[in-house]
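Peer 1: Annotations per TrEMBL:
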type	residues	note
TRANSMEM	A:9-31	transmembrane segment
TRANSMEM	A:37-56	transmembrane segment
TRANSMEM	A:63-84	transmembrane segment
TRANSMEM	A:90-110	transmembrane segment
TRANSMEM	A:155-174	transmembrane segment
TRANSMEM	A:204-225	transmembrane segment
TRANSMEM	A:237-266	transmembrane segment
TRANSMEM	A:278-300	transmembrane segment
Amino acid sequence: MKANFKYNLAWLGVMVLGFVIIDACEFLGIINTFIENMLVTMGINIILATGLNLIIGFSGQFSLGHAGFMAIGAYATGIITQNIATPLGFYLSMGVGIIIAMIAALIVGIPTLRLRGDYLAIATMGAAEIIRILINNFKITNGAAGLFNIPPLVTWVTVYVLMCLTTIITVNFIHSRNGRAIMSVREDEIAAEAMGINTTRWKLAAFVFGAGTAAIGGSLHAAYIQTIAPGDFNIMASIAILIIVVLGGVGSITGTFVAAMVLGALDTILQNFGTLRMIIYALALILIMIFKPAGLLGNWEFSFKRLSRRLRKESAIHE
Amino acid sequence: MQTIGQQLINGLSLGSIYALLALGYTMVYGIIKLINFAHGDIYMLGAFWGYYAINGLHFNFILAMLSAMVFCALVGVLIEYFAYRPLRNSPRITALITAIGVSFLLENGMTYLFSANARSFPQVIRTVTYHVAGLRISNIQLLILGTACFLMLLLELIIKRTKMGKAMRAVSVDPQAAQLVGINLNHTISFTFALGSAMAGAAGVLIGLYYNSIDPLMGMTPGIKAFVAAVIGGIGSVPGASLGGFLIGLLETGVQAVGLSAYKDAVVYFVLIVILLVLPAGIFGKKTKEKV
């Protein structure tokens, strides 16, 4: 903790700086509702994609069901805040969403995580579809019409703070002893097992953790957009998050941030192109997989530690 | 008793469509261990080809189906050549993401070119309903069942009796060893894609006739269900895929018959998860032991 104090301080500085810049722009009127909407979408996508990257990039399991867990969070918020329309109600609903999503992830994960790669993808996709179909038919979720007039309890500040919080927790989780166990499962499951790591348990841990962050993203989505329908959480939604992860780099949180921001901006610019935008994304996905399968940034991470070390080295050379 | 018989007929005709699709999944998975996500979209392309061949070129049914099969075989080979071949030696996840990309591209490309609206498929064959022992059987159902069974038998003959079929079986057992005995890997894989895609094309035209409605996203759900069928039958096994297809068709109509039609997709996915749990190798699949 002490050794990294300087670098943690630097990261805190970055977060505060980001907040101050957005706040100043908001104050000066540079950010209108349109841009604010874009920024909030980026923030929510970062939360969602960070969770998915933990599953795909760090534990090496392929989940195609992220939108299902997002739906749980979104509907928890939608239903609860319509009855308790206070900020406290929102956080309560988010907590409920996270817990339900984690339980669902446990139920889905325990049988399916024994499967390998591509089977797992199909099984998680099936699970997400089951969640969506259930929501589509329940009375409490208002069926296919979805929920509307959800109280607007979320501003960009909430999204920003939660984005920072989930990222800090996720990164710390990855850098902990448990995180190393998870990465060892990705590298070689058999070798990891031989080292005494309970592979199923750690795969499950990453999966459940990812599901929890997806629920946070869903809660924010519901409270900010104020309208949700089962159709928002179909396979396409899962694939959209997958595209962010793959584009940024499978196993790079920095990459996820960059990709979520670039794609968020592109989405806004290309809004009028509709389907053509999807064609471009699909082509980009195929081309990246063929020419740079690890994603644009691979597993490279930006780190203040390395930066300062390099600066020190360079100044030593100049002296 | 009568309803059961009726549902059996409906289930079998729907199941034969799934079986045709599942064959493509199982063959491709058997040979290069890839879940070809785009397979359902090839089926959609087949339906669209049939639509334009009948409306624009005034083909009759047989000609429309044959041309759709040829067209889809071509598309399948092209997809394999451009998207999957460069990735043959990369991790399976990479190939799977590419397959998702191809599927996404076909769906959105077709939506862009032909709009997302559903259109009604031209009825080249007039529907005649026969009443046999209190059951209603339409000639289209008979046609679907007959064509599907014929194509499955043909496929079985190709795989078991021809030289190319022998090569396919060899590659699916051990690609390296197959190359050592002089089998051209690329040709064999292309041929597998062509066969599987042709089956999907035929299924597309048949479903157009049966359901009378096609749209660019029609391939998504049946594609996944057909994959479930392939898994149930034991992925990599050709008779297993046919059996799995029929089982899924029967299950779906059965669920609809008891009044749970809103949940019919959920039931199929649920069955998938259960099957993967209790019988991961499927009905006809071989159990493989992992070697360190």
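Note: Cβ is positioned from N, Cα and C throughout, glycine not excepted.
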Peer 1: Is it the case that the transmembrane segment (A:155-174) and the transmembrane segment (A:278-300) touch, counting contact as three or more CB pairs under 8 Å in which the residues of each pair are 6 or more positions apart?
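Peer 2: Judged by the Cβ rule, the two regions do not touch, with the required three close pairs absent.
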Peer 1: Residue list, the transmembrane segment (A:204-225) vs rest of chain: Cβ under 8 Å, 6 or more residues beyond ends.
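Peer 2: Hits for the transmembrane segment (A:204-225): 40, 43-45, 47-48, 50-52, 54-55, 58-59, 61, 63, 66-67, 69-78, 81, 90, 93-94, 97-98, 100-102, 104-106, 109-110, 113, 147, 150-154, 158-159, 162, 166, 170, 173, 178, 182, 233.
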Peer 1: With the transmembrane segment (A:37-56) as the reference, which stretch in A:9-31, A:90-110, A:237-266, A:278-300 has the largest tally of C-beta pairs below 8 Å?
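Peer 2: Most Cβ pairs under 8 Å with the transmembrane segment (A:37-56) come from A:237-266.
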Peer 1: Quickly jot the same-chain residues contacting the transmembrane segment (A:9-31) by Cβ under 8 Å, restricted to those at least six beyond its ends, or write none.
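Peer 2: Same-chain contacts beyond the flanks: 39, 156-157, 160, 164, 304.
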Peer 1: Apart from its near flanks, which chain residues at least 6 from the ends of the transmembrane segment (A:237-266) lie with a Cβ under 8 angstroms of it?
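Peer 2: Tertiary neighbours of the transmembrane segment (A:237-266) are 38-39, 41-42, 45-46, 48-50, 52-53, 56-58, 64-68, 70, 125, 128, 167, 170-171, 174, 277, 281, 284-285, 288-289, 294-302.
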